[in-house]
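Annotated NADPH binding site per Swiss-Prot: THR10, GLY11, SER12, ILE13, GLY36, LYS37, ASN38, ASN124, GLU126, GLY215, in sequence order. Swiss-Prot lists LYS125, SER151, GLU152, SER186, HIS209, SER222, ASN227, LYS228, GLU231 with the feature 1-deoxy-D-xylulose 5-phosphate binding site. Residues or ranges marked as Mn(2+) binding site by Swiss-Prot on the basis of sequence analysis: ASP150, GLU152, GLU231.
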Amino acid sequence: MKKLVILGSTGSIGKSTLSVVEQNKTEYEVFGLVGGKNVELMAAQCLLFQPKFAALDDENAAKALEEQLRQLNVKTEVLSGQKAICELSAHPEVDMVMAAIVGAAGLLPTLSAVKAGKKVLLANKESLVTCGQIFIDEARKSGAQLLPVDSEHNAIFQSLPPDAQQKVGFCPLAELGVSKIILTGSGGPFRVKPLDEFAAITPAQAVAHPNWSMGKKISVDSATMMNKGLEYIEARWLFNASAEEMEIIIHPQSIIHSMVRYIDGSVIAQMGNPDMCTPIAHTMAYPKRINAGVAPLDFFKLKELTFIEPDFARYPNLKLAIDAFAEGQYATTAMNAANEVAVEAFLNERIRFIDIVNVNRTVVENIAPVQVKEIADVLHIDKLARELAEQAVINL
């Protein structure tokens, strides 16, 4: 049995991962669960999966969890704090780590798993958006296997030749006959909404994604298409792709999850119902296949598959992300941090939907260029960017 640690088990990806484990109980043992502050859900997960360890970032929450597990007579050992979470990610008994903590909080535990040479199922966008070069270099050093969980990157991975799959982060696309990596996106809930109505968009409207079931933050990112911008940055790192080798297409039905175009005219696409359990199951079992508990795609129920060129006037955050990559890691790190602050401010009704990009742009334009050599540099830029973003929110 493969031993699994789930970083972010109480979040959307974490819960879907546990759902896949339930479908394949003889294949996987949940060795460790990691969360933030959600004591009730973590206690329920521990009761059901009986992991050896459970860790919460918040010390008070960890104490509350310990008490709940004692009352439930669950023997799981409770840990707390970043150091303990990083040690759990690198534990010698662990075979694979699902890296699904949202935001900068997931950086150190994910890097810890990479440095320990684990099979890392990468669902934490920020790892590559802020530390792409660091992660790729460390994976090459340690022999860690990076497998992308994001549906789009997983689709690209599946559509690439086996040689490229073995060289994530440094695959020579041109040598393998790859002409373009085609990243698809639904366009979010406001794809056809008149632009003059954007100022009145509410948080409730923004989190209602038409195709995918996701957390609030990623749903807002999908509405602004910042999500696609972050995925563009990720794809460039994961697949060693130049700007010329990247293409973004809006595909409203979310049936084709992404594609790879080859120099002989072929296009290979990965298709399926929009359910995160599919890419999760693929990464967990790779190179084999397991049951994900997902209904098969019924082609006779598909009315149409449509494709649209992205409009940067509608999605200025997408353009900002593409431009930030060209500037360097300091810019993508600053943009990512600013976006977390801006989205949180929007969800709390402190700023309007159309102000999210203004906060992000202000931060990227005002952050001083710095060479990113280590995680400490990233965390420093992240902190500065959050302070600038908070000030930008106040100034609006």
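Every residue, even glycine, has its Cβ placed from backbone N, Cα and C.
Worth saying up front: this structure is predicted, and the values here are computed from it rather than measured.
If you compare Cα positions, GLY36 (NADPH binding site) sits closest to LYS125 out of the binding-site residues LYS125, ASP150, GLU152, ASN227, GLU231.
Annotation for THR10 (NADPH binding site): same-chain Cβ neighbours under 8 Å, separated by at least 6 residues, are GLY35, GLY36, ASN38, LEU41, MET42, GLN45. Taking the mean position of the Cβ atoms of ASP150, GLU152, GLU231 as the Mn(2+) site, the remaining residues of that chain whose Cβ falls within 8 Å of it are LYS125, PRO148, SER151, HIS153, ASN154, LEU183, ASN227, LYS228, LEU230, GLU234, ALA235, SER258. Distance from the CA of GLU126 (NADPH binding site) to the CA of GLU152 (1-deoxy-D-xylulose 5-phosphate binding site) is 16 Å. GLY36 (NADPH binding site) has a Cβ environment of 16 other Cβ atoms inside 10 Å. ASP150 (Mn(2+) binding site) and GLU231 (1-deoxy-D-xylulose 5-phosphate binding site) have their C-alpha atoms 8 Å apart, to the nearest angstrom. Cα of HIS209 (1-deoxy-D-xylulose 5-phosphate binding site) to Cα of SER12 (NADPH binding site): a span of 14 Å.
Most buried of the binding-site residues LYS125, HIS209, judged by other Cβ atoms within 10 Å, is LYS125. Put simply, GLU126 (NADPH binding site) is 11 Å from ASN227 (1-deoxy-D-xylulose 5-phosphate binding site) when counted between their Cα atoms.
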